[in-house]
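Participant: Mind looking over this structure? Questions follow.
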Amino acid sequence: MTQNNQKTRAQPSGVASDSDEALSYQSGFGNEYASQAIDGALPVGRNNPQHGPHGLYTELISGTAFTAPRHENRRTWMYRRQPSVVAGRYEGYEHAFWQSGADPSVALPPEPLRWSPWVNDHPQADFIDGMRTVAANGSVDTQSGLAIHIYILDRSMNRRAFVNADGEMLIVPQLGALRITTEMGVLKVEPREIVIIPRGVAFKIDSLSDAGEPARGYVCENYGAHFRLPELGPIGSNGLANARDFLAPVAAYEETDGEYELIRKFGGRFWRVPLHSSPFNVVAWHGNLSPVKYDTAHFMTIGSISYDHPDPSIFTVLTSPSDTPGTANCDFVIFPPRWLVMEDTFRPPWFHRNFMSEFMGLVYGQYDAKPGGFKPGGASLHNCMVPHGPDESSYDKATNAQLQPQKLDNTLAFMFESRYRFVPTQFAMQGPELEKNYIDCWMGLKDQFKP
Ligand SMILES: O=C(O)Cc1cc(O)ccc1O
Ligand SMILES: [Fe+2]
């Protein structure tokens, strides 16, 4: 059991924290974590004693049906100063840019699409108001599919909290570090790291960037089955993302009273409710439902050490399965720094058409299939059966290269891959970031057949 130190326990809300604030974490993915901010706050040997320790209330959050199979079942017991039902009356909250499910009014051409990096056209926005949906599929009500958003924020949430009842949120920071306060404790993430906030868990995001410097990143809002580590099959019992490298926070409650505004996403709509005290009032908790962060630098990449370019599924960090085995609701795949050593091989991705739909982002560096055109903070979309592959410059370089062991370094691209077609939003289709001439990057690939 973790008992955290005074520094993390007594972090008052709304106070900007220095970036070298020391935080503690618990290691593992989906295991039984246990943490208390003060001695004796976590009941021993039972979950709901007649009197909660230290006068705390007991509250359960279930991340799966009570009857979900044991290996999928997620739930956490919280011991808190007030139960989360203590709140005022809800009223509607407008969010014009955060959408749920595919927009049926978008006529989506079956061609490759790419966006240059989104810029901050909405200053003074926090993580909630700075969210822009870029593409979506599925439905929050059938618990299938996902939405992809870009956030650009230059304001902390301070005394605002957010709960997403529609899905878990996988956040991929691209610019700027974030301090994320959750019911289970505090996490700090930087670009190269990712964080998952489970469905229903309250959190707020404060920016650790210098004043006025925006933070930007990608979000996968997963309406489907929660993300988990992929099976390893013949790889064995280690490799890819190792469970121990995921970090859950330790219990940390805010000391201060005072008003909060809670925004809740529920059925694709947004609601606000005033709270008279902080929702981050959990003094102890145990369970296997928790936010976790992961540093992608710990990813153990597998690749070909003989010949040919393998399928990118070898780079799967997390998968959200659908009800068809092997056909994911969403796979989260990364393209991290790695060595390429294959002999007599065209080393970049091949030309291909894929059953699955591929949305890609770039955290930093260059992506080997598009060394110039694909920019950090931008995105590309190659939907089901849309032909794509290396651009002309990548093709030329790879076919002419003297094949030596080569390090692809200083790069981190990623892909959200879904069995469902991604439908971009009007925001994405009509904004200036949509590249008009993306298709031209393949136009120079001439017929070089020599019968
Ligand atoms: O299209 C892409 O760039 C992503 C991708 C990479 C790869 O190595 C193999 C297949 C694939 O879809
Ligand atoms: Fe692809």
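Note that Cβ sites are derived from N, Cα and C of the backbone, with glycine treated the same way.
For 1-16, the entry in TrEMBL reads compositional bias 'Polar residues'. The domain 'Homogentisate 1,2-dioxygenase N-terminal' feature in TrEMBL is assigned to 25-295. Per TrEMBL, active site, proton acceptor is recorded for H309. Annotated Fe cation binding site per TrEMBL: H352, E358, H388, in sequence order. Sequence annotations record features per position, and here TrEMBL assigns homogentisate binding site to Y367, H388.
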Participant: Which recorded positions from the list H309, E358, Y367 come close to ligand 2, meaning a Cβ under 6 Å from one of its atoms?
Facilitator: E358
Participant: Hey, of the recorded positions listed (H309, H352, H388), which one tops the CB count within 10 A?
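Facilitator: Comparing the recorded positions H309, H352, H388, the most crowded Cβ belongs to H388.
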Participant: Looking at the domain 'Homogentisate 1,2-dioxygenase N-terminal' (25-295) alone, can you tell me the average pLDDT?
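Facilitator: Across the domain 'Homogentisate 1,2-dioxygenase N-terminal' (25-295), the average pLDDT comes out at 97.
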Participant: Using all protein chains in view, find how many other C-beta atoms are within 10 Å of the C-beta of E358 (Fe cation binding site).
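Facilitator: For E358 (Fe cation binding site), the 10 Å Cβ neighbour count is 22.
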Participant: Around the Fe cation site recorded as H352, E358, H388, what other same-chain residues have a C-beta within 8 angstroms of the site's C-beta center?
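Facilitator: Going along the sequence, the neighbours come out as P349, R353, N354, H382, V386, P387, G389.
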Participant: Could you round the CA separation between H388 (Fe cation binding site) and Y367 (homogentisate binding site) to a whole angstrom and send it over?
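Facilitator: Each residue's Cα considered, H388 (Fe cation binding site) and Y367 (homogentisate binding site) end up 14 Å apart.
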Participant: C-alpha of E358 (Fe cation binding site) to C-alpha of Y367 (homogentisate binding site): distance in Å?
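Facilitator: Between the Cα atoms of E358 (Fe cation binding site) and Y367 (homogentisate binding site), the distance comes to 15 Å.
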Participant: Between the Cα atoms of H309 (active site, proton acceptor) and H352 (Fe cation binding site), find the distance and write it as a whole number of Å.
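Facilitator: H309 (active site, proton acceptor) to H352 (Fe cation binding site), Cα-Cα distance: 12 Å.
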